[in-house]
Amino acid sequence: MEAAAATANSSQRKPKRKRASAKSDPELDRLDSLPWNSALPQNDDDDAFSLFIGSNELEGGFLSLEEIDEAEYGLSIPEPEVDKRKTKKKKSEQNENVKKQQQDGVDSACSDDTVVEAELDESLKSKEKKKKKKKTKNKKKDAREDQTVEPSDAGLDTNVKDDIGEEDVDETEFYAWNELRLHPLLLKAICKLGFKEPTPIQKACIPAAAHQGKDVVGAAETGSGKTLAFGLPILQRLLEEREKAGNMVGERGEEPEKYASTGLLRALIIAPTRELALQVTDHLKAVAKHINVRVTPIVGGILAEKQERLLKAKPEIVVGTPGRLWELMSAGEKHLVELHSLSFFVLDEADRMVQNGHFKELQSIIDMLPMSNNSAEDNSQHVQSCVTVSSYQRKKRQTLVFSATVALSSDFRKKLKRGSIKQKQSLTDGLNSIETLSERAGMRSNAAIIDLTNPSILATKLEESFIECREEDKDAYLYYILTVHGQGRTIVFCTSIAALRHISSILRILGINVWTLHAQMQQRARLKAMDRFRENENGILVATDVAARGLDIPGVRTVVHYQLPHSAEVYVHRSGRTARASAEGCSIALISSRDTSKFASLCKSFSKDNFQRFPLENSYMPEVLKRLSLARQIDKITRKDSQEKAEKNWFDRNSSSVELVTESYDSEEEQVNKHKQMKASSRQLKKLQEDLKILISRPLQSKTFSHRYLAGAGVSPLMQEQLQQLARQKLSDHQGSGLGKKGKLVVIGQDCVDALQALRSAGEEVRMDAKDLAGKQRNMQNLKRKRKEEKKRLRDQRRKQKKKLKYGDE
Ligand SMILES: Nc1ncnc2c1ncn2[C@@H]1O[C@H](COP(=O)(O)OP(=O)(O)OP(=O)(O)O)[C@@H](O)[C@H]1O
């Protein structure tokens, strides 16, 4: 009890200390020095501290404003040196207390979490032992202690470090997380994941959502860690509530069930695709591993019984796609319709969510949310009827809306600033859908709008390029990229399933193993494709835009846009499958004359002056085209065959189902001819396949290939190693036999197999000015206009002639 009171007192004192020393904090100084956006709507009632990051130069008005309250920003303030020892002691007491409360909370919340109990027990026992060790260690770190923030003071709990194992983790590497004041168990999980510091979007969102309880609209580049930017505040709040529940139990001696959240839905996260929902679930599970918070996916393709079983476990966090969620909610699924306990409503990839195919279901889900988000009292009658809901849960529901490409109108931003948005208003108020949905979901007027997108909104470590080619040569260039620069994982994006089928078929014939992913595939096949792609470090995935958003697969080095997407947003998301977190990557767009105007508008929307041409070694192209021509012929024959077979099967199946006896009406001669044709085509197919086999059995050779050297693209590292061994062996044999230079086998490996490297070493001269592109676009438009005019002129001429003939006849 005393310990609890001490915790409470110290937590009451904490903010004062922070404010007093706020001026000396370098992080605040840095934030203060960031530029103000004069374009922001000014309002007397504005928060005292407004921060602008990013810009609003894009068409369509991407977010360009961040509002964070200085006082509530929650930065960790260094304590004076003299107080350190005292504070450390107090902190370790607090930590011990926290652990106890937590154990209580965990116990009461769920009895089946033996892992957490065992870990906490162990950590409490070993704490004393490790404390001594730590003191000695701290002495050794005098130099580091001179720094402003003391590591052990600022959050990385000793228990946490004990659990991770000090030999594995250097706690000093995780200092950067301290200012976010996350729960020690969350820090532990973060340390285990090896995330040294929060990403900028996490730094900005966590204080606002976790400590200030604000609604958040967040925009940041692809791969910047947005999942944890909304995931950590959810877990933090659940943990805090548990601790408070534990305190209440201790102080008042009341039943823990009265305060603890047992088996209630606390957070509903909605993502646009199944893969993304499953990925978000996995990501959150990895962080929630040690805190006994259940995270469950609700997506199409999961068996109904399994889904039922998952929901019976009453998960606190549900991540789902709108379709399946609404299907279950509208059927009255018990866990999903008890929404009064919901503390977080999250829309991931929000802009996709409001597009066709999701909007209606999402709207229905939102309409099911309890209305009175602004005043807890309004809802209290309903809430009080549920005895298990603690007063902490009755706090306002938070709405978090995230994407890499969120676009809000300045109107909506003004509204948020003014605090004049209404709940559940009509959809016909003229606002665009994302805003309407946010409002209907209960987005509050003091929402923090955090935009960390750069003017081009593309990931900073992404190198972009293009290849200008004829539409019919796209296959050849794709094959070239995959063969010559296929190191690392590659995703090839198409807009249509027909194109995807065509490419994957051609590439497979050419001996390139590809996986496919599109919306018409069965869920199991989709997941299998993803798994296989993930397993292979040089894997190739051919996908439609179902894979454009959110998918987080490490090691994707290259993204190829075989067909350009319909919007700039989709281009951003597609390209964002590479250059994620701190990695680098490149994107290559294949641009035919059909795509020129689309490409020009893309450049415009990303404020790009120039785009780099992807460097090509044209001497490889004759060989590429030779292979491709064979592959196309093979594809044509096999397609025809399989189509005929399918048609025959269909006919046989249907005729037998209606007990129809079918006879062939072909004459004998016709039948013989057909048979001959089939035989010829099968012979031709065999021949083509053999020819291609010979070609692809050797590395792709340039036109200038010299047979004195074994060189060329497509030499895999393994093949190169084997050839080098062979060369060494030959050389020693020759030296032994007294042969000279003649007969020496020289192996030249690839200098640069990686597309990114090739792009970087290509230099500036291959850059194409956006003005060139604009000029080309103008020419194309002129040409189109002239053709149209010519057609019209001809039409008019014909009409006149007809008239003349008619009147002449009369
Ligand atoms: N603080 C961090 N430090 C290092 N890596 C991180 C950190 N936070 C998240 N990551 C990793 O970064 C990768 C991208 O994260 P995430 O998928 O959340 O990005 P995102 O911003 O949602 O991307 P997208 O807009 O494409 O959906 C993941 O592999 C994640 O594990």
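Just so it is clear, glycine is given a Cβ too, placed from its N, Cα and C backbone atoms.
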Region 'Disordered' per TrEMBL - which of 1-49, 344-392, 687-735:
1-49
Suppose you had to name the range TrEMBL annotates as motif 'Q motif'; which of 175-203, 262-290, 291-319, 494-522 would you pick?
175-203
Looking only at the motif 'Q motif' (175-203), how are its residues distributed among DSSP helix, strand and coil?
20 helix, 0 strand, 9 coil
Local confidence of the domain 'Helicase C-terminal' (461-622) - pLDDT mean:
91
Per DSSP, how many helix, strand and coil residues does the compositional bias 'Basic residues' (783-810) have?
27 helix, 0 strand, 1 coil
